Amino acid sequence: MDHFLYRNGQLHAEDVPVAEIAAAVGTPVYIYSTATLLRHFRLFDEALDWGPHLVCYAMKAASNQAILTTLAQAGAGMDVVSGGEYARARAAGVPGDRIVFSGVGKTRAEIRTALEGGIRQFNIESEPEMEAVSDIAAAVGISAPVTIRVNPDVDAKTHAKIATGKSENKFGIPIARAREVYARAAALPGLRVVGIDVHIGSQLTQLEPFRQAYRKVADLTRALREDGHDILRLDLGGGLGIPYTRSNEAPPLPTDYGQMIREELGDLGCEIEIEPGRLIVGNAGILVSQVIYHKQGEGRDFLILDAAMNDLIRPAMYDAHHDIVPVVEPDTGVEQALFDIVGPVCETGDTFARARPMPPVGPGDLVAFRSAGAYGAVMASEYNTRALVPEVLVNGDQFAVIRQRPSFDEIIKRDSIPAWL
Ligand SMILES: *Cc1c(COP(=O)(O)O)cnc(C)c1O
């Protein structure tokens with residue numbers, strides 16, 4: 001469910017007509033709904049109400065300070081994967097003890113900053129990283145709370161580029177070696193083992209792969225406790241998928257996910273942590289664009305938009321589908337025509353959709369990419385020297401620009417000319 005609906009023939013973001021924002025800010029532009037963000041965060045929070053838990057928003061999905069602040073004020077923790085994200089979380093007012101640090105290649109500088117600044121736990125991804133955390137913790141005299149990310153070798157049944165829980169993926173340590181690695185962790189100075197971490201992938205549309213992974217985590221919890229480790233927390237990662245189109249079957253709801261966690265892990269007495277990203281922000285954001293041209297090609301028609309792959313790379317990178325709808329509500333029963341919907345960038349990959357049925361839209365009309373909130377603006381670039389796409393946050397009948405579109409002057413001034421030129 002989201003808060004982007006047609007009202008009086010116009011697509012609205014909550015109570016604000018999308019066309020009004022486009023007129024004020026220009027296009028392309030990302031628009032987020034506060035109500036949708038908070039609704040999704042609360043769904044997860046309530047789904048785990050049966051026991052102690054913390055929902056750590058995986059901020060790599062959308063990391064604008066205004067989004068982080070909205071979620072932080074609602075009580076969210078954060079899952080960060082870089083020193084930059086750690087700095088963002090702290091700047092949004094998230095205390096260190098609500099931040100978990102994930103990621104396969106934490107640098108020594110990042111580890112040190114998080115340790116000194118305060119961190120709930122490091123999710124350790126490898127033995128060399130474990131040694132680095134131990135070294136630094138011992139050197140600065142602060143004990144480092146750690147979980148170890150185990151790779152359960154289950155098939156997440158998602159796109160290969162976002163599956164992380166198979167043995168051939170770079171993530172975590174093989175679950176079969178976990179007891180050995182935990183024994184090493186317990187012997188190293190500076191580390192305090194607090195739990196287990198697992199994350200098997202993104203955009204999962206079934207509960208079964210999660211269930212398989214969590215069952216393995218439950219067995220491992222018992223085994224590690226027998227070995228004398230304190231397993232107090234289970235970090236179960238993120239990955240629950242969202243409906244990208246209304247025509248497919250919807251993925252499981254957070255409520256069902258929470259219930260499944262309870263069934264598999266509820267009797268272990270652990271604090272549950274989850275790291276949802278996409279499900280919190282995905283349907284809370286749209287990308288609004290204007291049609292520049294309708295070009296008639298040979299055997300196909302192109303709609304050329306002012307948004308491109310540099311603004312939303314998901315179709316090019318993951319073959320992702322986004323519903324694309326006109327901002328002015330089409331009449332019911334209107335005849336649709338097939339279009340290839342593309343951006344102006346000089347790459348064939350700059351194609352958002354092929355042979356997509358669309359109601360009549362033409363030059364000057366606005367269209368909205370639905371479900372664009374996650375892995376949208378955060379992956380945007382200035383390729384083709386197209387200004388970094390701006391972001392707007394709506395709350396009821398108010399909206400605010402939360403990231404300005406830079407001017408060409410600002411873009412050019414970021415470079416510097418060496419003295420010899
Ligand atoms: C990307 C990621 C997440 C979030 O995944 P979503 O599919 O956006 O929910 C959570 N945890 C880790 C470790 C990740 O890498």
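Just so it is clear, glycine is given a Cβ too, placed from its N, Cα and C backbone atoms.
Curation does not apply to TrEMBL; its annotations are automatic.
Going by TrEMBL, these are the annotated features:
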- Cys346: active site, proton donor (ACT_SITE)
- Gly239, Glu275, Pro276, Gly277, Arg278, Tyr375: pyridoxal 5'-phosphate binding site (BINDING)
- Arg278, Arg314, Tyr318, Glu347, Tyr375: substrate binding site (BINDING)
- 33-373: domain 'Orn/DAP/Arg decarboxylase 2 C-terminal' (DOMAIN)
- 36-281: domain 'Orn/DAP/Arg decarboxylase 2 N-terminal' (DOMAIN)
- Lys60: N6-(pyridoxal phosphate)lysine (MOD_RES)
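Closest to Glu347 (substrate binding site) in space, going by CA atoms and restricting to the recorded positions Lys60, Gly239, Glu275, Pro276, Gly277, is Lys60. Ligand 1 lies under 6 Å from the Cβ of Glu275, Pro276, Gly277, Arg278, out of the binding-site residues Glu275, Pro276, Gly277, Arg278, Tyr318, Glu347. Rounded to the nearest whole angstrom, the C-alpha distance between Gly239 (pyridoxal 5'-phosphate binding site) and Lys60 (N6-(pyridoxal phosphate)lysine) is 12. Of the listed binding-site residues, namely Glu275, Glu347, the sparsest Cβ surroundings within 10 Å are found at Glu347. Listed in sequence order, the recorded positions from Lys60, Glu275, Arg278, Cys346, Tyr375 having a Cα within 10 Å of the Cα of Arg314 (substrate binding site) are Tyr375. When the recorded positions Lys60, Pro276, Gly277, Tyr318, Tyr375 are scored by other C-beta atoms within 10 Å, Pro276 scores highest. Over all protein chains present, the Cβ of Arg278 (pyridoxal 5'-phosphate binding site) has 25 other Cβ atoms lying within 10 Å. Summarising the environment of Cys346 (active site, proton donor), the number of other Cβ atoms within 10 Å of its Cβ, over all protein chains shown, is 9. Checked against Glu275 (pyridoxal 5'-phosphate binding site), the recorded positions Lys60, Tyr318, Cys346 differ in C-alpha distance, with Lys60 being the nearest. Highlighted in sequence order, Ala58, Ala61, Ser202, Gly238, Leu240, Leu279, Ile280, Ala374 have their Cβ within 8 Å of the centre of the Cβ atoms of Gly239, Glu275, Pro276, Gly277, Arg278, Tyr375, the residues recorded for pyridoxal 5'-phosphate, and are not part of that set. The Cβ of Arg314 has fewer other Cβ atoms within 10 Å than any other of the binding-site residues Gly239, Arg314.
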